[in-house]
Amino acid sequence: MLHHTLHLAVVSLSHIVLQQQLFFRSGVAPKGICGLTGPTVMATKAVLQQLMANPDRLHSLVDEAKDLALLHGIVFRTHETPNSSEAVTYAPFTLFPSPVPKAVFLQALAVQTHFNTLVDKISQDPDFLEEALAGTLHGDDFTARLFDIYRKVQQEGQNQSIVVGLNRSDYMVDQREDGISSMKQIEINTIAVGGFGVSDRLPVVHRHVLKSVGLLEESKCIQDTNRTPRMSAALAKAWELYGRQKAVILFLVEDVQISKLTHCAVEKELWTRNIPVLRRRFEDVFRKGSLDGDKRLFIDGLEVAVVYYRYGYMPDHYTGQNWDARLLMERSLAVKCPDISTHLAGTKKVQQVLARPGILEKFFSEQPQVVEQIRATFAGLYTLDMGPEGDQTVAMALANPDEFVLKPQREGGGNNYFGEDIVRVLQEVKSDERRAAYILMDKIRPRTQQNFLLKRGLPLKLTSICYEVGVLGAYVRRGREMVLNEVAGHVLRTMSINDSGIIDRVTVFDNPLII
């Protein structure tokens, strides 16, 4: 089989522990990382079996968990009434927390500030973005439209030196046949990052569930999270640096606002700091937004200090007017989260190019340990640009489609192709530039286990699941000075697996039980 080889350096556990100690001193790392033992995992499995044998006890425990979720505000609006809070339901979650290996969990935490720095460096390198995305711009209209805005802003000259980034780097634990586990990055998200907000109180629910089934020691190892205040603090710092007390932070939101309550958690943190917040859609910015002679952005007569994009990461988010509104905001003096260059830095194509030999060294020329840490998280990533290398990737994927994932330049989940779908797509585009809209990635073999997924309308059953560990990062830069760069927390999202071993679209919130 044709295959590229990628040297994956192993981050030493001693270095990770050192990073953990540094995190603890700064108050960033989750407290109480216990590191439970194998018998604990077996005890959890035994509890699941006992609950399956006692349906009345299972349903009682599920009802307790749902009630506690509602009590603590772990709620979403419903699909039937997404623009109203008159009716809400519990946010979907697992009945039990999921075991996560301690070493790989700490590995993901340790590297996040370096990923923050990497994204920021890429966003400041127009030559790199131009070269990395050259093929993609011919194959993917959406990326090309974003890049067109980027070019226009570059030509006018960026006049805002303040940059704020809220990122989430997603990983899966790759379980090799020899039993060795390693954390491999799925993607890094730089726009409309989710996973914090109403789900922050889920540890309370999972501690109660574990106590209810007699797992008292395990319940002590479920960590509280401080992720929403930390992510909000970066927005607040950008607002403060902008320096206009009456200016607002603009949340750019969608028409269907099923996630509004999560946004409200961030808004609450900002209002607590006496920072005014405004929620508007692209349409509102197009109709009522304007720039003054200094390029200050105004909407409804209010000056905008920070534009926080909660929308705008998919092609169907845009009409002609929406593209005009995006350009208006990007041209303005307002701080953008993210700005257009940081949005582009989070594309799948950039992720693939970073895996090439020598590319990370370009951004961390005097920090070989940083390069080693970041590269250790990479799975195999392969180009589909036109040319011999892309041809080789196509042949490799068609020969063994079950070994790979085909990824378009899209955010928001549910866009990837597996197995025979890879064959179908590549057979259609293999001979033209459209194939450059995708990258190919080695398929990760995640740790699988069983759990109950609690989601409105979903039948209650013991389900095979896997999880993604998301590490949240926040940074603020003014000019060349990095004012803030930190790990803002973690989020676990768990997905069901069907009988064919393919991840379904059912995704719920979870907590790590460190083993």
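Cβ atoms here come from the backbone N, Cα and C positions, even for glycine.
What you are looking at is a predicted structure, and each value in this text was computed from that prediction instead of being measured.
For reference, TrEMBL has these:
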type	residues	note
SIGNAL	1-19	signal peptide
BINDING	Arg168, Arg493	substrate binding site
BINDING	Glu187, Lys348, 407-416, 441-444, Glu468, Asp499	ATP binding site
BINDING	Glu187, Asn189, Glu411	Mg(2+) binding site
DOMAIN	247-345	domain 'Glutathione synthase substrate-binding'
(request) Quick one: pull the CA-CA distance for Arg493 (substrate binding site) versus Gly414 (ATP binding site), whole Å only. (result) 14
(message) Using a 10 Å radius around each Cβ and all protein chains in view, which of these binding-site residues has the most neighbours: Arg168, Arg493?
(response) Arg168
(request) Taking only the Cα atoms, work out how far Met441 (ATP binding site) lies from Asn189 (Mg(2+) binding site), in Å, as a whole number. (result) 17
(request) Pop the Cα-Cα gap between Asn189 (Mg(2+) binding site) and Glu411 (ATP binding site) into the table, whole Å please. (result) 8
(message) Say we define neighbours as other CB atoms within 10 Å of the CB. Which of the binding-site residues Pro408, Gly414 has the fewest?
(response) Gly414
(message) Please give me the CB contact count at 10 A for Glu411 (ATP binding site), counting all chains in the structure.
(response) 18
(message) Using DSSP, what is the helix/strand/coil residue split across the domain 'Glutathione synthase substrate-binding' (247-345)?
(response) 41 helix, 26 strand, 32 coil
(message) Counting only residues 6+ away in sequence within the same chain, which have a CB under 8 Å from the CB of Ile444 (ATP binding site)?
(response) Met172, Asp174, Lys184, Ile186, Ala379
(request) Looking only at the domain 'Glutathione synthase substrate-binding' (247-345), report the model's average pLDDT. (result) 96
(message) Please report the Cα separation of Glu187 (ATP binding site) and Arg168 (substrate binding site) in Å, rounded to an integer.
(response) 8
(message) Under 8 Å between C-beta atoms and at least six apart in sequence, can you list the same-chain neighbours of Asn189 (Mg(2+) binding site), or say none if there are none?
(response) Asn167, Arg168, Ser169, Asp170, Gly346, Glu411
(request) If we count other C-beta atoms within 10 Å, could you say which of the binding-site residues Glu187, Met441 has the fewest? (result) Glu187
